[in-house]
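**Q** Checked TrEMBL, it gives:
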- 14-27: compositional bias 'Acidic residues' (COMPBIAS)
- 619-634: compositional bias 'Basic and acidic residues' (COMPBIAS)
- 1-32: region 'Disordered' (REGION)
- 615-634: region 'Disordered' (REGION)
- 48-67: transmembrane segment (TRANSMEM)
- 98-117: transmembrane segment (TRANSMEM)
- 129-152: transmembrane segment (TRANSMEM)
- 173-195: transmembrane segment (TRANSMEM)
- 201-221: transmembrane segment (TRANSMEM)
- 228-249: transmembrane segment (TRANSMEM)
- 284-302: transmembrane segment (TRANSMEM)
- 384-407: transmembrane segment (TRANSMEM)
- 428-448: transmembrane segment (TRANSMEM)
- 454-479: transmembrane segment (TRANSMEM)
- 486-506: transmembrane segment (TRANSMEM)
- 557-578: transmembrane segment (TRANSMEM)
Amino acid sequence: MSSDWLLKGRSDEDYSTDETTSYEESEPPGQTIDSISRSLQRFDWPDYVVFVLMLLICIVIGIFFGYKDHQKHKHRRKQARRESEALDYLVGGRKMQIFPVSVSLVASWISGISLLGTSTEIYVYGTQYCYIVFAVIMMGFVMHHVFLPVFHELQVTSAYEYLQRRFDHRMRMFGSILFTVACLLWMPIVIYVPALAFNQVTGMSIHIVTPIVCMICVFYTSIGGLKAVVWTDVIQSGVTLLALLAVLIKGTYDVGGPAEVVQRNIAGGRLEAPIFDPDPTLRHSIWIILLGAPVWFCYGVSCSQDMIQRFLALPTLEDARKALKGFVIGWIVVNVIFFLIGMLVYATYYRCDPLTTQLARAKDQLLPLFVMETFAAYPGMTGVFVAGIFSAALSSLSSALNALSAITLEDFFKPYCKKPLTEKQINYIMRGSVLVYGALSVLLSILVEHLGTVMQLTMTLSSASGAPLFGLFVMGILMPWVNGTGALYGGVTGLLVMLYMCYKAQYSIASGSRSFDTKPVSVEDCPYDYERNATMGLTEDDSELGQLEKSIYHMSYMYFTLFGTSVTCLTGTVVSLLTKLCGSDRDQPIDPKLLAPCIRRIQPRDIPLTFQSVPTDNKQAEASEAALKRTEDG
């Protein structure tokens, strides 16, 4: 098969004539799709041993840290015990070490969605997505200089406590609800992805696997708290990295070496230079990646409770910045491996596309299929890979559950309790919320399989509540002229706009009215029988669907967070100015610690910088006043 044929693609007529004839002449009737699928489902006892061992390690770590914290708090006074137990459970006593936190940050972000979704992205759409590493570097710069100094100086447990200090209690509740909604939209996808891989290698229904995985995660998260989550992340990251390297090395050797992988990807149009077309409806271009993706990453790291909670578990700002550098470097290393695996999968199937032949029934089953074929003769290796996917998923899921536990206690209960919560009540709230959110995730995961590829689905749905949430923090930290009323109206407007946008975007994909340009594929040398259909070999842009008129919700999914954040901030600014002009809201003094360091230096004089935050207790008030006095003296 020539490279020209690969680069140009083929028509319906090509597939219905010459290729069919050559296939029938060269390949006698042999194996069918069903027989091959059954033969590849080899999850023998060594695989089960590896898989179950990984789950047992997670459980043991949860029990260990749960028992250790219980012994630590057993003999303390009741009031001190109540406060320190919640602190240990939610932020590790603020005494965590840099290395495990850095690994945990990477593990929380690199879920099974990334593991399967990135390789699928490269296979189906090419390597344009690889340039996203520049977006991560930009995010790291913004986090280092803008967001981390603010959060670490305030020493909050819930990131949304910031919104109360900067605006009012309404904004704290609004932000907490937005994050909770974002997590509830995201967690079902995290659970679904490893269940999909497990289904591919064992044939077991995803609706059986999903509750089992979730129950184990709920158990060790509720027992051990953040320490258990972080240290299971370290173990799980090791398993995931081992699985990825094994897949990459063995697969590259089977194909014929790195040079052969690169050559086949060039011939197939996968390896490509940056696209400089400014069209916002493209799936990826360099402009989309440099403008849209950094905002999405900033939202995911700067105002997500699960990420901020880890930074706040470190004792100093300098430690947090080191952990941030470790996160950026670790993310890039792991994703480079993902990119290479995606190219490797295409190099393996470049003459027989398993999606066209339906050997892989979903795009996100490509990598599990490749692993099963690559390690068919190596007992236990498929188990390592599946354990790696589940490890990535469990680390992300446990992080989200622990973060939701913190939100529930700190934002939904404590501010509205007239009396201090008892030790038993705190334990019930922290651990019970983990159980409730885990059960909700299992129920919602049933819907995921009907909503498209996981990579795009995740970024689109997270933008629905994530964009207005990020807008609230941007207005608080970088826009001192925005008041509480403006922030509230901005957040509500951004949420409504993004819910409509994301609904229209996902509906258009699910109904088939929205398509993306896919790379050409071939079924020229398939060694098995499969059922042909009329559209076989067509890329999505060849169909009539690709010619439909584009609307604003057809913009790239990477622009969604930028768009929603812009709507939120613009509305917040306009409403704030209107309330001030009407005299209904006077300028309120702002604690300098609530603003980014760069804004503190250029703060206009007409908005005073004096202490006005809303502390949650007397100790925080005294600490804030002392810090302000030191600043003024300096």
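Every residue gets a Cβ built from N, Cα and C, even glycine.
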**Q** Against the transmembrane segment (173-195), which of these stretches has the most C-beta pairs under 8 Å: 48-67, 98-117, 129-152, 284-302, 557-578?
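**A** Most Cβ pairs under 8 Å with the transmembrane segment (173-195) come from 98-117.
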**Q** Counting only CB pairs under 8 A, let me know which of 48-67, 98-117, 129-152, 228-249, 557-578 has the most with the transmembrane segment (284-302).
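**A** Stretch with maximum Cβ contacts: 129-152.
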**Q** Per the 3+ Cβ pairs under 8 Å rule, pairs at least 6 apart in sequence, do the transmembrane segment (384-407) and the transmembrane segment (201-221) touch?
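**A** Checked: the transmembrane segment (384-407) vs the transmembrane segment (201-221), in contact.
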**Q** When you look at the transmembrane segment (48-67) alongside the transmembrane segment (228-249), do they share 3+ Cβ pairs under 8 Å, ignoring any pair fewer than 6 residues apart in sequence?
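**A** Yes; at least 3 Cβ pairs under 8 Å.
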**Q** Do at least three CB pairs under 8 A connect the transmembrane segment (428-448) and the transmembrane segment (201-221), leaving out pairs fewer than 6 apart in sequence?
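**A** Between the transmembrane segment (201-221) and the transmembrane segment (428-448), contact is present.
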**Q** Which residues of the chain, 6 or more past the ends of the transmembrane segment (98-117), have a CB below 8 A from one of its CBs?
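**A** Beyond its ends, the transmembrane segment (98-117) has Cβ neighbours at 189-190, 193-194, 196-197, 229-231, 233-234, 236-237, 240, 244, 300-301, 306-307, 310-311, 313-314, 319, 322-324, 326-327, 330-331, 334-335, 338, 364, 366-368, 388-393, 395-397, 399, 453-455, 458.
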**Q** Using a Cβ cut-off of under 8 Å, list the residues of the same chain at least 6 residues beyond the transmembrane segment (129-152) that approach it.
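**A** Answer is 118, 121-122, 159, 162, 274, 284, 286, 289-290, 293-294, 296-298, 301-303, 308, 311-312, 316-317, 320-321, 324-325, 327-328, 331-332, 335-336, 339, 473, 477-478, 593-598.
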**Q** Within the same chain, where does the transmembrane segment (428-448) have neighbours whose Cβ lies under 8 angstroms from its own Cβ atoms, ignoring anything closer than 6 residues to its ends? I mean 6 or more beyond.
**A** 86, 89-90, 183-185, 187-192, 195, 206-207, 210-211, 214-215, 217-218, 221-223, 225, 397, 400-402, 404-405, 408-409, 413, 421, 454, 457
